[in-house]
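K.L.:
Let me begin by handing over the structure; questions about it come next.
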């Protein structure tokens, strides 16, 4: 479902195997390949464990960033998350610093779920950079795909009205209380209605990925705004 | 937005992808990264110690020396580095501020040296992080007190600016060393207090006998003399009390204070006695009242600092003392019960009841041992010895604990009071930082529009205008602007002035003049929280600026003609700006120092630039001169110095 994302292989199977191997006293340190893979297992000690990303070269292959860009990104990432991974609380807190007036925690949760592709509760630098690579360096279709993935909260391939309403409310929440004109109760719902009007071709109450991409490609505003992301880094 | 997360701004902007398909209106243009050069290392040579950092790190705070072009003055061409002839130790803290966004105060550093360095680098001390802020404030206060003491001892002879008679009197009462009269009064009252106390004591001494066997106390023998003395003392005390009452700045508070209660209690018995002398029935009560005269001795606490401190610490240690009392009571009851039952058997025992045994227990536990009550049975003696041994422990142990509690609690109270006093200020700072960042966005929104308008005309001076906001800030503001566009709402701030202005910028912001004026008038009459309305009405200049444009021709321009309407409203906005900054805002930003002199062609244009506040902190008041002294929470960054109404409205034609 996510063609544009170059997932570095998440060692879920490997982790189980290592857990088992650890139990056997004969399999000592030689059974543990690299620090980075192991530390992901210790989800309970996120704060003390240090996660190191894969090498610069691998990341360069997997994403569309240049070496220098990766360096800059990593420095910023490491600054805020010295342990190498972001958990949801941290993520929300970082994101909220950009929106001092409103409440961005819900939208940040949705973002977190979109970045955390393997749903292990934490976003490592690889996930982070993979997501950014799609958004900032991917094709327009890739970006639309990513946006669809963001909206599709339960990742079932359809955007329902409820999901869209949640997203919409979270966006409106970010504006905070002091806005002009004042936020009305029905504003998010109306916005969702107009969205579905535009996107839902066959009027079946859900938006599929094809409908989404098709409708977006027809909308000039959306196409133009997608190009804004070309110059972010 | 703290500097630390500036590096996450690309992520935040990328996350905006979620808004794009949802938005109904087109997104604003992104700020162009004009000089997109690779991040380079800068070498900062401070008195020989070399520091290196990325250029973008320093540019996070464009309002400081290192973040602005002011550091070019220190650039050494030969060595290609920036040389500062300053203290390298403090520079470490300064540089860490750029890196982490938090300014720390090292304990070993002298406070005035630190302040000097901060002033040099253009950093306000108010942004010191909470971890070090208390220490900093303490040291600063001590320093200020020291300076004040120095000043006071210099200006000893100077008379203060004229205080009213009442205030001088109060000062004289509270601080006897201020004038000779006060000192005289102080000693006189002290003398009379002593006389009164000694009189009370001597009154009861038996002096001489009267024919008959009774020995007469002096008080009855020389009744008249004592009465005269007493009257004199009471008169002095009454006069003193009335004078204090008159001079007190807050009479109600004075009446409730402990010292005044002591005063009243000290003189009341006399007056009651005057009233009641002839009544035989209550003369017994009258005699008891005389006991209260001993309270006069407490009046000495005004004369003795130590007594006051003791009283205060006792008050603050009340709970510890209470606990000591409680545990003693427990022990007394236990031992008294035991002794009573142990001695019950013996004949002619003095331990007639448990309360009677209390006396024995107390005397034994405090190791007094009067010997008027002594156990006779063996069991009684055994328990009696246990009682006296445990008494030593029970009494002796808590005393050092209480003593140490005294000092601990005393200091704790002091710190708690200080923290409570600073809590308000701390919360205000946090709030200001928050509103500061929103204010910064709103300002730059208007600046941004202005810049864009000027850009359209191909004005060459826009280079300088855009320089004053860092790239990061402009990107952040663009992000917030996109959010506004997505939702169709626009940010408002608590500040009424800003709200008035921002409310004029609606969703499709480019509206015609008529609507603009209407909105201006409307919003100025909107019901903001009542606390704000006074400030709104106190700035009539704003509404006049709106009204004054009524005289212009109002032409209705359709929205579709985008560039023209934008220019139109740019004119309006620029007019406001120009009015707003008639004052020569000389140092609104450090970069303006480097503006070439011949840019005087359109000075008002530049003057209209409102520097965006540093996002994470309130705009340093020192850098943005505010026309009126307004409390920082209300728009620190806005140089909305409403000029006198008679000022000229210079219209800059943006065409």
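Cβ from N, Cα, C; glycine included.
For reference, TrEMBL lists these features for the protein:
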SIGNAL    B:1-16  signal peptide
TRANSMEM  B:181-202  transmembrane segment
TRANSMEM  B:222-243  transmembrane segment
TRANSMEM  B:255-276  transmembrane segment
TRANSMEM  B:321-342  transmembrane segment
TRANSMEM  B:354-370  transmembrane segment
TRANSMEM  B:382-403  transmembrane segment
REGION    B:523-565  region 'Disordered'
COMPBIAS  B:523-548  compositional bias 'Polar residues'
REGION    B:615-655  region 'Disordered'
COMPBIAS  B:636-645  compositional bias 'Low complexity'
K.L.:
Of the listed stretches (B:181-202, B:222-243, B:354-370, B:382-403), which one yields the highest count of Cβ-Cβ distances below 8 Å with the transmembrane segment (B:321-342)?
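P.N.:
Answer, by Cβ pair count: B:354-370.
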K.L.:
In the same chain, who gets a Cβ under 8 Å from the transmembrane segment (B:181-202) while lying at least 6 residues past its ends?
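P.N.:
Distant contacts of the transmembrane segment (B:181-202): 171-173, 175, 218-219, 226, 229-230, 232-233, 236-237, 240, 290, 293-294, 296-297, 299-300, 303.
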K.L.:
Out of B:222-243, B:255-276, B:354-370, what stretch is closest in contact terms to the transmembrane segment (B:382-403), meaning most Cβ pairs under 8 angstroms?
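P.N.:
Ranking B:222-243, B:255-276, B:354-370 by Cβ pairs under 8 Å to the transmembrane segment (B:382-403) puts B:354-370 first.
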K.L.:
Going along the chain, which residues at least six beyond the ends of the transmembrane segment (B:255-276) come within the CB cut-off of under 8 Å?
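P.N.:
Answer is 230-231, 234, 237-238, 240-241, 244-245, 282-283, 286, 289-290, 292-293, 295-296, 298-299, 301-302, 311.
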K.L.:
By a Cβ-Cβ criterion of under 8 Å, what residues six or more beyond either terminus of the transmembrane segment (B:222-243) are in contact with it?
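P.N.:
Counting only partners 6 or more residues beyond its ends, the transmembrane segment (B:222-243) has Cβ contacts under 8 Å with 169, 173, 185, 188-189, 192-193, 195-196, 199, 203, 260, 263-264, 266-267, 270-271, 296, 299.
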